[in-house]
Amino acid sequence: MEDTLGKHADEKLEVINDTAGTHIDPVAEKKLLRKCDLHVLPPLSILFLLAFLDRTNIGNAKIQGLTKDLNMRQNDYNIALFVFFIPYILFEVPSNLIIKKLAPSTWLAAIMVLWGVSTIGMGLVNSFEGLVAMRVLLGLFEAGLFPGCVYLISMYYKRHELQWRFTLFFSMSIMAGAFGGLLAFAIAKMNGIRGYGGWRWIFIIEGLVTAVIGIVSKFWITDWPETASFLNDDERALLIARLSADTGSATMNRLDKRATRRIFSDPKVWLGTLMYFGIVNTGYAGSFFVPTIITELGYTSAAAQVRSIPIFVVATVTAIISAYATDRLRHRFGFCMLGLVVASIGYIMLLAQKHLSVGVKYFALFLIVPGGYITQPITLVWVSNLVSGHYKRSITSALQVGLGNIGGIVASNVFLQSESPKYPTGYGVSLGMLWICGASCVAMFFLVRKENRARDRGERNHRLEDEVEHVDNLGDDHPHYRFTY
């Protein structure tokens, strides 16, 4: 953490990192990490689970009568998916600048209540236009959650501690696919109660739960390390010391013109955005269309809800195992490529599905969804590892998630009802998107490896003299900083 500490914390820092080279107490460090794990991750994970449920439950509602009751035709369903992403993309960066100024507990709790109300609204509308309006509001209020959580989590952990923790958090979005199918299966049995269709109850009940937990979460979500109530002064100083040791002098605590130029001219920011753009398409395609695809394999709506569950359970397990391995090995690139290859095989199978049995087509979904979820969370953490400084990390995570979610717009519009059940456009475009991600990962790998070698040779040391007035605000441009890949 790079912000200024109080006087007492500064004194503790000096004790921990004195010139004699005193080592950080490993017992105290382990205790601190355990305490952070218990206070930082659980509330954010629950918020993200509910956010993803509310964002993707429209896929479950569709096969329970949503499109019929609202007289939706042709590509109306795709439009309802698409409009969510317009405000979601536009408000990611502004939201991360707001959360930097406010207490995260206040901001995240407030937007959670608001998107819960929007979800309830989707269950009460009587027209396609009303559904679209609610989806726009949902995108607006959810915009701040994911980049805000990525930003907040990254401020508590060192770079090679982050993937494991982040994937535990991110796995909630994967489990939402399984939990959503199970929940929709149960709620759909309320069909007809008070004259409401089962699909309406899916939105109403899930939205009500979100709004109530949003109110409670104000007192559950932790704030920045400087003000987090679960840390005492000694723990706060230790946390800052270990994070400072990880990033060294690569800080960026002033958002002036020079810092802004550094952020927006950094190719890593834009390659990271392309990486996420390519892979997020598969995540959304799975959530939006897996229930429909399984239904079109010949199963009933209820059977399709249940059969979607094991796909997302397997995806959760593979994502967590991959996260553990990538942190232990301190390597990101190879795991990104592994997930892309696995998902690609699944898409190729579905593109050639004419001669495949129903069982083999169903198996292909066990390659696409888990393969995509191996790569997706790693791309986010890898890019977070590659940037340093409070402001740069804030803006980069918002840009990567915000602009990268244009991939969600693609996912919303390539699975055409007229091409059901083979969806050649959907599968073909999704396969191509995977390799946009793959090409970006390869370019990032060679870029950061080349830059590390240049810094090892001292070719960036001139920045310490050329920008002596700004050397404390260089972020990852500081010549002493080394990138991970």
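Cβ from N, Cα, C; glycine included.
Given the structure is predicted, the values throughout are model-derived calculations rather than measurements.
TrEMBL lists 40-452 with the feature domain 'Major facilitator superfamily (MFS) profile'. Looking just at the domain 'Major facilitator superfamily (MFS) profile' (40-452), the mean pLDDT is 87.
Marked as transmembrane segment by TrEMBL: 78-99 (among others).
Per TrEMBL, the feature transmembrane segment maps to 106-125 (among others).
The annotation transmembrane segment is assigned in TrEMBL to 131-154 (among others).
For 166-187 (among others), the entry in TrEMBL reads transmembrane segment. Within the same chain, residues 41, 44-46, 48-49, 51-53, 56-57, 59-61, 64, 149-150, 153-154, 198, 201-202, 205-206, 283, 286-287, 290-291, 302, 305-306, 308-313, 315-316, 319-320, 322-323, 369, 373, 376-378, 380-381 sit at least 6 positions outside the transmembrane segment (166-187) and bring their C-beta atoms closer than 8 Å to a C-beta of that stretch.
The transmembrane segment annotation in TrEMBL covers 199-221 (among others).
Feature annotation from TrEMBL assigns transmembrane segment to 269-294 (among others).
Look at TrEMBL and you will find 306-326 (among others) tagged as transmembrane segment. Beyond the transmembrane segment (306-326), the same-chain residues lying 6 or more positions past its ends with a Cβ under 8 Å from any Cβ of the stretch are 163-164, 166-168, 170-171, 174-178, 181-182, 185, 286, 290-291, 294, 299, 332, 335, 338-339, 362, 365-366, 369-370, 372-374, 377-378.
Taken from TrEMBL, the feature transmembrane segment covers 333-350 (among others).
The transmembrane segment annotation in TrEMBL covers 362-383 (among others).
Residues or ranges marked as transmembrane segment in TrEMBL: 395-415 (among others).
Sequence annotations record features per position, and here TrEMBL assigns transmembrane segment to 427-448 (among others).
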Spatial neighbours of the transmembrane segment (395-415) far in sequence, C-beta under 8 Å, 6+ residues away: 75, 78, 81-82, 84-85, 88-93, 95-97, 143, 146-147, 150-151, 154, 263, 266, 269, 272-282, 284-285, 288-289, 292, 380, 383-384, 387, 423, 425-426, 429-430, 433
Feature contact check the transmembrane segment (106-125) with the transmembrane segment (199-221), CB under 8 Å, 3 or more pairs: yes
Most Cβ pairs under 8 Å with the transmembrane segment (362-383), selected from 106-125, 131-154, 333-350: 333-350
Long-range neighbours of the transmembrane segment (333-350), counting only residues six or more past its ends (CB under 8 A): 275, 279, 282, 322, 325-326, 356, 360-361, 363-376, 378-379, 382, 423, 427-428, 430-431, 434-435, 437-438, 441, 444-445, 485
